[in-house]
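Q: Below are the features I grabbed from TrEMBL:
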- 1-420: domain 'UvrD-like helicase ATP-binding' (DOMAIN)
- A11, S12, A13, G14, S15, G16, K17, T18: ATP binding site (BINDING)
- 409-711: domain 'UvrD-like helicase C-terminal' (DOMAIN)
Amino acid sequence: MKFPQVHTVEASAGSGKTYCLSKRYIQLLLGLPRENNKIPLNTILAITFTNKAAMEMKARILQFLKEEALSGNLQARSAMDYIIRNYNFFQVQTIDSFINSILYGCSFKLGLSANFKTEELYRDYLSFSLDRLIDQAATDKAVLGLFKRFLNQYLYIENKSGWFPKQSIYLRMQSLFSKSNKYSKDFARNDITPKDIIACKKDILKLNSKLVKKLPEGTNSAFAKKLDSFLKENENGFGIEDISDFFKRPDFPARKGTHVSSQTIELWSDLRKVIANLCELESLSSFNYYIDIFDALSVILKDISGREDVLFLEALNKNACRLFDEKSIALPELYYRLAARFKHFLIDEFQDTSVLQWKNIFAMVENALSSDGSLFYVGDRKQAIYRFRAGEAGLMNLVKNHFKDFNLTQESLAKNYRSRKNIVDFNNNLFSEYNLQRFLKQAQSAKKIKADLSAEDISEILSAFKDSGQQSADELVGGYVSVEKISSQEGLKTALYGAVDDLRKRFAPGEVAILTRKNDDVGMFTSWFLERGIPVESENTLNIKENYYIKEIVSFLKFLNSPIDNISFASFILGDIFSHSSGVPMQDIRDFIFGLRQAPDWNNIYLYKEFRLKFTGIWERFFEEFFKSVGFVPLYELVVSIYSRFKVIEKFSDQQGFFMRFIELIKQEESECAGISDFLEFFQDCEDEKLYVNAAESDSLKILTVHKAKGLEFKAVIIPMLTMNVKVSREIVVENDTSLSLLRIKRKYADFSQRLKQVHKDEYKKSFIDEINNIYVALTRAADELYVFVPEGSETSFNLAQILFTEDKIKIGAKLTAQCVKKDNGAKDSVIRIPSCAYKDLIDFIKREFRQDNILKGRDSILRGNILHYALSFVGNLDNQDKDLTLNLAFKKTAAKFVFIKDFKDIKSCLRRIVNDKGLGKYFYTKGADVFLEKDVVNSFGDTERIDRLIVSKKEIIVIDYKSTGDEGLKDDYRAQVVKYVNIIKHIYPGRMVKGVLLYLDSLTAEEVSFEQGN
């Protein structure tokens, strides 16, 4: 390898880019020179787009090294060993993870502590900040004036009529916050005021009034009527939508041969200019007062997040950019804080990297290249589908050109190792330059493209797909493709059911995926298949809030929070959890509930009271403990005890992931939601991002969006609604040198203003490319079979995807036979099923931990025992040790702990008697043995126990437990405790003799515990 080096890889779908990156990493790992026999692991940084891609790349690297090491490659073996011992330097991670580690190292420069919290969901903070700002309007005249000016624009310029503008403000604040973080710049408002717009509108009304008087006889009658009605209906004001489309024409609308006076022509020209000016004024100023509110809100948000020591995930890159822009940190200091100096960078999915993300690592890359480092990046402009996250596919060429002097090499991966030949050939033809040119030409001729695309624009659209053709791997022959146009939802349903039923006969359900464009469609198709009883894995089915069993647990918690909530109690006792655990037939519960309706005062009945009378034994067994404990026991312990009492994990093991995610969420929110009512309120309003279960592979039909499917592959793929609907955002960000401008773009603005028409066209072109890229990603996920259904579109929008295909129905190749599928699947690794975990009843455990028996008895003896216990925790193996030095050190530490004890003479005397006693001294003078003090051990259930003194020798192991008093009433419990410790140690040291000893500190006697005594 020659350094410095910049190597770029164009990797089409299925061409093995993860393999390519892993191979490069291993080449660097094994090929770089070693200093002092150390592998330069901390000089290599691999950046991936998702956590899943990072895990896959790590797995491939380790798998390769493992295979090589086992085959006798000593270099691979040493590399593998080095990675395991220095795993924290094995840096394959997402860009956000890397930036987060930078910010943790430099947190004090951002005004945060070293332990700041990264918060993924910022919307609650944003909403709270807006509420705080609105509250300030009551006492702060400046803030009041801000909202008054906003309302003036809201009502008279935006022509909004809603009574509650707060929601509009909040949604706009979300949008501005997101955009500000994507570009790391502040918004710049302009000086245009509502008065300027109103004055412009008045000019239009005046010019129209003059034009009416100058209309020639041959004026287009439709225009004349519209002009007359416009003046009558809009005496005090109007919206841009009220202006006639006739003003889009450069020439005055009149019949052919009509003489139009120079004054009329001049008025027409002036009107078109003023209308264009109005469009531009509105476009430029529409967000002015939103920006003012956002600036004021940002101050509050910064104060709140600073006090709570929070940094938002959305703002990670913006904060990192601040560090570098303000030169708060130099590269040497940064590398010092990261404990690494990167010289070799590998970047995946470069087409989806944002300019801001690249800017944050640019200085490090440039520094590495200037000192014999390397940059290796992989991307595919055809798969750039994250522009909404500020992904910039143009970086692929920009970076290449910038670093062209650093030994630039280029590579293109043209072979497809994913899809069979017929699928590869189908995509080659569909995305060929010839077909895309035909598609664009036909769409323009049919006037289905809502922008005047020039030859240069079309060339830019086609450039990403230039030389995009692939070859299939030699062994991947055959394959099946079906494309069918669908005219109705019922027709789609029938075709979709038929395709899935056929595929399930030949493929495992988990090998079949349905890809959609929108999350709403995921929900719709999920419900379709669940209605048919077909298991589905989608975001909807992985959301714990939508899980039937979690709904039952939540109902139970609602009842415990408010026992008079009859609906919640009824919902729980009518559910599967209660029915399976209690053994009470569900019909008996139904009869009981509906039987209460016969009571004369049934509206005033509390259901739980009637249930307690009717099913007394069941109530005492399953409800009484929780009913009494709620409010006194932490929510986490309460829910774990509910799991234990109703045996939910054992009885519903296939739902384990949902149960565990639910208690995990309770644990995560413990600091914010201390009580049951707080958590229930949080859970009701919780955003979906926190509610998904990270499920392992399941054998269910997969339904997911195209964006979620990127980077994945499936044996068979169905695209039930292949659409191409190019939409231009109404909010367009214009990036200036130091700030951002926001333009509001309406189709009508683009009709009247040439400047805005160009802005609209540029945005339309980008959106058009996004749509083609989305189709490319969707059609390249299938390995064996691909099914595409193309809807006609709605009355208001035409589906451009119809024109992309030359025929209404396409069938290519033959479906795989069941035998062929079975043969392909034969090499799959078997899945090891791990038994479900068990939960203990933590309420009972807490009660046992905090027993009140005899707590008031013998306080002095207990205190004395505690002091001796503490002192003994510093006395290890005295064999061949200075006894006096050890005991004096123990006295000193004990005195520092128990400062309220004035006289330690008795304690010192007692401690010396213990170690000098013939019967007890053998536990302190243990030749050839290891002595552990206050040793923590863990049993097979994960419970932690602490042993006071553990003596480990080759022949035997002694477990010693100190007790303050030898109270006869407690000795059985003491013995049982020692037996428990002995059993744990027996599992840790199998084959050795283990005995337990109780050492009573009040009588200075020892009792050896037998297993019969403990039991």
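Each Cβ is built from the backbone N, Cα and C atoms, and glycine gets one as well.
As the structure is a computational prediction, the values presented were derived from the model and not from experiment.
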Q: For the ATP site given as A11, S12, A13, G14, S15, G16, K17, T18, which other residues of the same chain have their Cβ within 8 Å of the site's Cβ centre?
A: C20, D380, L413, N416, Y417, R418
Q: Take every residue in the domain 'UvrD-like helicase C-terminal' (409-711), average their pLDDT values, and give the whole-number result.
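A: 90, rounded to a whole number.
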Q: If you count Cβ atoms within 10 Å of the Cβ of A13 (ATP binding site), leaving out that atom itself, what do you get?
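A: Its Cβ shell of radius 10 Å holds 23 other Cβ atoms.
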Q: Taking the Cβ of G16 (ATP binding site) as reference, which residues of that chain separated by at least 6 in sequence fall under 8 Å from it?
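A: Non-local contacts for G16 (ATP binding site): L413, K415, Y417.
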Q: Which site among S12, S15, T18 has the most other CB atoms no more than 10 Å from its CB, taking these as binding-site residues?
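A: Ranked by Cβ atoms within 10 Å, first place goes to S12.
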Q: Around the Cβ of K17 (ATP binding site), how many other Cβ atoms lie within 10 Å? Please give the count over every shown protein chain.
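A: Total other Cβ atoms inside 10 Å, all chains included: 23.
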Q: Under 8 Å between C-beta atoms and at least six apart in sequence, can you list the same-chain neighbours of A11 (ATP binding site), or say none if there are none?
A: K17, C20, V378, G379, D380, S412, L413
